[in-house]
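In what follows, a single structure is set out as structure tokens and then discussed.
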């Protein structure tokens with residue numbers, strides 16, 4: 001569920017059960033730790049309808065639990081309203097970016113800046129690979145990438 005705030009970010013991946021809910025949970029923890037959570041509206045969504053209504057992948061939940069981060073999300077697809085109401089839409093790979101740019105062209109009042117979350121990575125790992133067909137270590141890689149990128153994004157935007 002999105003929170004009220006003066007800045008807003010929507011994290012997006014293909015199904016909204018692996019990468020984007022991890023990024024959402026990581027960013028929520030960062031803004032909470034920095035005591036700026038009241039200033040942010042944060043959510044995540046999918047470009048597809050494949051997983052709508054499902055909770056995050058259990059491997060991602062296990063990974064986040066290991067790092068002391070609570071994950072509470074139900075997958076949803078991005079809407080036209082999201083493009084008009086979020087300041088930033090941060091996605092995980094080139095396919096997401098193409099889909100989002102195509103969808104944004106169908107929205108008259110798109111205000112969102114659409115970018116790859118990996119563009120904020122100090123280690124220059126531009127793409128956050130989908131761990132769905134991988135193992136627990138792939139989810140750890142996604143967590144570490146999201147942590148680096150979300151920290152850098154928060155520093156740049158706050």
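Cβ atoms are placed via backbone N, Cα and C, with glycine included.
What Swiss-Prot lists as active site, nucleophile is 13, and the listing cites similarity to another entry. Marked as active site by Swiss-Prot: 19. The active site, proton donor annotation in Swiss-Prot covers 130 and is backed by similarity to another entry. Taken from Swiss-Prot, the feature N-acetylalanine covers 2, and the record attributes it to similarity to another entry. The phosphotyrosine annotation in Swiss-Prot covers 132, 133.
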Exercise for review: Using all protein chains shown, find which of the modified residues 132, 133 scores highest when you count other CB atoms within 10 A of its CB.
Suggested key: 132
Review point. Tell me which residues of the chain lie with their Cβ under 8 angstroms from that of the residue listed as 'active site, nucleophile', as long as they are six or more apart in sequence?
Key: 19, 20, 44, 46, 47, 91, 92, 93, 96, 128, 130
Point to revise | residue 133 (phosphotyrosine) in three-state DSSP notation | key: coil
Exercise for review: Rank the active-site residues 19, 130 by the number of other Cβ atoms within 10 Å of each Cβ and report the first-ranked residue.
Suggested key: 19
Point to revise | residue 13 (active site, nucleophile) - helix vs strand vs coil (DSSP) | key: strand
